[in-house]
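A short write-up of the structure that comes next.
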């Protein structure tokens, strides 16, 4: 058959590709060969949703178009032959009009940095176009789940969910949060009418593609190395041909989703075989014997098919499968691919477990012979991947209709539905009559074994037995011996405990329920009615005193971000001669570098240069970053000082080639005659390895601690705990583009929070004057502190390569490299002595802190000051501390959102919790007793305290107690815990006092001849709404001239990118105050412009008898040569540059004692924003910070191995919060308190302080665990499993599922049964 060209459509535009490497992904093509940039690369694993597109296929038989979302980062380009692709800008755009999805996301304030927003739009569009029911009626539940597989690090998800729910047919519109479409008090009818209308039209499928015959449209193998068989016979021919020709390697492809997990598969295959169109492998066949499912059927289609089956057991399997991956992965991944990965590569599969419990079989093609075998036999056989065997179909036998058959599935994962592999899973079927087990089938998987297994010994033991506590206990003991995780598996004992818990959940109700069965939940009280998936309320006071400042104005360019047209650094079109860079990093913590080479001394394809510190110009310096505490090197010199340190830069013709070459690099180390590396803070203390802390960053002690300790009735001495690190997980990885320019100049586009410092570092590195360097930053795809110092070496390396090779050089760090080099939040060890009276009043606190700063100072010397700010929120009586900033051979830590502050605030809470526990008091009582009076606030914070009426914390404390119904809910929590054995709830209220500081910030406002206004500020838009607030401030400042038309001025103002030669002294965008400082800078500019324009205004007022339009005023001013460009550098007064922020949070959680899963039922926050410059922006900051804090306290593990190299490498093993892990009910109130005369228009910061309130979730979890431990005390009738004791314990950060379960008791099930047996 004659081969054809690869042809497809993108946004209706025809693309023909004459030849292409078959491993090229759709994302590669879209980003490099089309003008469409909404498709972003954030993880490259199918784990974040930033790369989503709509794939449309035309079926000529039914004349129907089917469309769904797919991950373009995994989808191979050749597989979209004959298909139509739609990106977010294909749905709508600035030129042709935005799609309602774009405008609603913008209107619900659901886009902050905007990097993830196009993917969110595609997910929602896909859910709408595939919604069941007439007219595509999406339900609220489906709308919420539509973005469950998408990651967002900025918003906290709540506004995104509201935008999605606005499309749901069954939505109660009054439940939706703050938006720009309606005002408070509008009728429901008016609200509905105000939403941008949406019709349920699908994307149009191009006519030119409809004419192409799918069956004859086979790609030319010689040009594409890609084969598409359409039948099993053709597939057999391909396999035979490959074998007979000496073969070469074949890769069988359906959705290629496995490449997201097994990244080593990127090596070249000789031939790709697309089996997604083999007709026999696409069949779903039902008869009285069961269901046959072709191996190439996607998991989404399997789910739909199982839901249509009559048996509820099939529906349970479908419900479990909906928790696998995310929707777009399930749309591409095949059931056969999942089984083969499990069989051949030990993939922790849920599907194999489900099918084992269903007693399924599989059919295998081997040398044209089809053989049917039981699934377990298939799993135990040698790997079939890369052999000549092909899995053709799965056969699930029919379920008998008798009511005695029970079937349940179980899964414990860090996220319920948001794309996370399970710690363990299970599926059980059993036939039980009169409490006797007639037969059973018990399957377990993902616990760290080679593959899913059947627990045959336990099956045999239970069969024929009358169920009792002792029988169940014996079965558990047997099971523990069978579940054996491999040595490299994390949390092996936890996984065993999960397996035991699953079996207990399945069988225990049959003992205590008279043969009834409650869907696998051992507690099913009336009190625990299912909560709505997500609900929220926000109370926001808009102010028109400084109109339009104080209004909830939509974020600047939000719709443009949603459509994907907002340009990030990597979206800048590549010049034809552009090269790409990738870092080679050290894998040793302390070693001499002898040599760097490539495997077999062969330079990999596309490599142009390998740059090290030796390539730095003769007048330059080896510098990659700098702060006031000193510089950091760009590259290691002869000695590498930590694993993850930059050693060299590979420069190649494409990013893919650069990354591949960096991976192939071989570094030879020598550790002879070197001392041992310092890898712990304890080692640093032994060797006195510390960074100096300047007295200005080291706070003074408060009061007399010796005296305070004498006044104490009780003491806790030498208590100790540790705090872990956290990775930024900005959606846009570190990126830069450097262009060599005339006269030894360099122009650099950098995704940075500190372009001024990037500028200075580049000039120093290259040995050129600073006026030869220009750094431009338009926007940053999430920063959180990680794009401050850590962006500098990326931009500097690009500039060095561009300078040396005289060609443009771009670098886009892959997620793994980014995670290894990022450093993240500071881990620390805390030891304390605390004295207190028997009524809970604190008298003294002594702290010793060891902070792991890593190998460079970075900003670590500011940590003592930052930690002590929020820690002083309670009246400790007296406070002293010894804080050491330890220098270790680990990657240097850096500022991450609320650096030091979040740890300081939490340290205070941890101490309060332990004081309350030792006094047997409620922690809330101890907190209340020790809140500051204004007098003690002055003692601890001095002049920063401000005036007495600015101390609003006591007001917030009492206000939230009422609005959150704290006392009533506290009693309900107690009652719930009394009624439930296996689920426990906790509730906690936490205050914050957060100190911030304003810094000098520049601004420039220029009025153009048509009356439009262009604004420049030193602050960088990183998603925090800085541009939006600045636009509002300029509109206010210029509007004071009271011209006709000035009330619409905000629409005529554009804030432009930061340019270090255009506006100098930009400083850092950090510390929560850059927005307000930038606003004050432009306000000062407007004052200057108003003064310059006043004579013209006065003259025109006289001539025009009191009425002047804005346009005429500006025309006249231009005619009179009035200078209409004004600059200012806002320099805050020393006496008022620092101030305190206040907030209170209440969180209620429910802990599953069986799995350790913590569900946040509700969080209430009240935060004092002063007079908010934009309440919508500030609300987004409060929610986003709080959810990021949940990640730190509950989920995110960022650890290093024995050499100090970061363990986590991407979305598979680093879990940030998703839609399903945020509070189910989320209530936020922004309190607009009175006039703060020293603040910018009475406003206060909102970016970082609310993150500290997430400690309320951790403290509530601690409370729930305490209840679980208290309950288990009487269960200790056997000494063998006594793994839990009493109420005194430390809950680590993060409190992940294994941690929580460990504290609730890994043997709680056995102990409970033993107690029942002993009781008898």
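Heads up, residue numbers simply count up from 1 along the chain you see.
For all residues, glycine too, the Cβ spot is worked out from N, Cα and C.
In TrEMBL, annotation is done automatically, which means it is predicted and not curated.
What TrEMBL says about this protein:
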type	residues	note
DOMAIN	4-91	domain '2Fe-2S ferredoxin-type'
BINDING	43, 48, 51, 73	[2Fe-2S] cluster 1 binding site
BINDING	113, 116, 152, 154	[2Fe-2S] cluster 2 binding site
DOMAIN	219-401	domain 'FAD-binding PCMH-type'
BINDING	753, 784, 897, 1071	Mo-molybdopterin binding site
BINDING	865	substrate binding site
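Residue pair residue 48 ([2Fe-2S] cluster 1 binding site) / residue 152 ([2Fe-2S] cluster 2 binding site) shows a Cα separation of 8 Å. Mean pLDDT of the predicted structure over the domain 'FAD-binding PCMH-type' (219-401): 91.
Taking only the Cα positions, the spacing between the residue listed as 'substrate binding site' and residue 1071 (Mo-molybdopterin binding site) is 13 angstrom. Rounded to a whole number, the C-alpha distance linking residue 784 (Mo-molybdopterin binding site) with residue 43 ([2Fe-2S] cluster 1 binding site) is 18 angstrom.
The Mo-molybdopterin-binding residues named in the record, 753, 784, 897, 1071, extend over a maximum Cα to Cα distance of 12 Å. Neighbour counts of Cβ atoms within 10 Å were compared across the binding-site residues 73, 116, 154; the minimum falls on 73. In sequence order, 116, 120, 160, 731 constitute the residues six or more apart from residue 152 ([2Fe-2S] cluster 2 binding site) in its chain with CB-CB distances below 8 Å.
Each residue contributes its Cα atom, and for residue 753 (Mo-molybdopterin binding site) and residue 43 ([2Fe-2S] cluster 1 binding site) these two points are 21 Å apart. For residue 1071 (Mo-molybdopterin binding site), applying a Cβ distance below 8 Å and a minimum sequence separation of six or more within one chain yields 996, 997, 999, 1248. Closest by Cα distance to residue 154 ([2Fe-2S] cluster 2 binding site), from the binding-site residues 43, 51, 73, 897, is 897. The candidate set comprises the binding-site residues 43, 48. Of these, 48 has the most other Cβ atoms within 10 Å. Shown in sequence order, 153, 154, 561, 730, 731, 732, 779, 780, 781, 782, 783, 1022, 1023 are the residues of the chain, 6+ apart in sequence, with a C-beta less than 8 angstroms from the C-beta of residue 113 ([2Fe-2S] cluster 2 binding site). Comparing Cβ neighbour counts within 10 Å across the binding-site residues 865, 897, the minimum falls on 865. Neighbours of residue 784 (Mo-molybdopterin binding site), defined as other CB atoms within 10 A of its CB across all chains, total 33.
Annotation for residue 51 ([2Fe-2S] cluster 1 binding site): same-chain Cβ neighbours under 8 Å, separated by at least 6 residues, are 27, 39, 40, 41, 42, 71, 72, 73, 119.
For residue 753 (Mo-molybdopterin binding site), the count of additional Cβ atoms within 10 Å of its Cβ stands at 28 [all protein chains shown].
Summary of the Mo-molybdopterin site environment: with the site residues 753, 784, 897, 1071 set aside, the chain residues having Cβ atoms within 8 Å of the Cβ mean position are 783, 785, 786, 788, 895, 896, 899, 1022, 1069, 1070, 1072, 1247, 1248. For residue 897 (Mo-molybdopterin binding site) paired with residue 43 ([2Fe-2S] cluster 1 binding site), the C-alpha to C-alpha distance reads 21 Å. Apart from 113, 116, 152, 154, the residues listed for [2Fe-2S] cluster 2, the same chain places the Cβ atoms of 111, 112, 114, 115, 117, 151, 153, 155, 731, 781, 782, 1023 within 8 Å of the centroid of those Cβ atoms.
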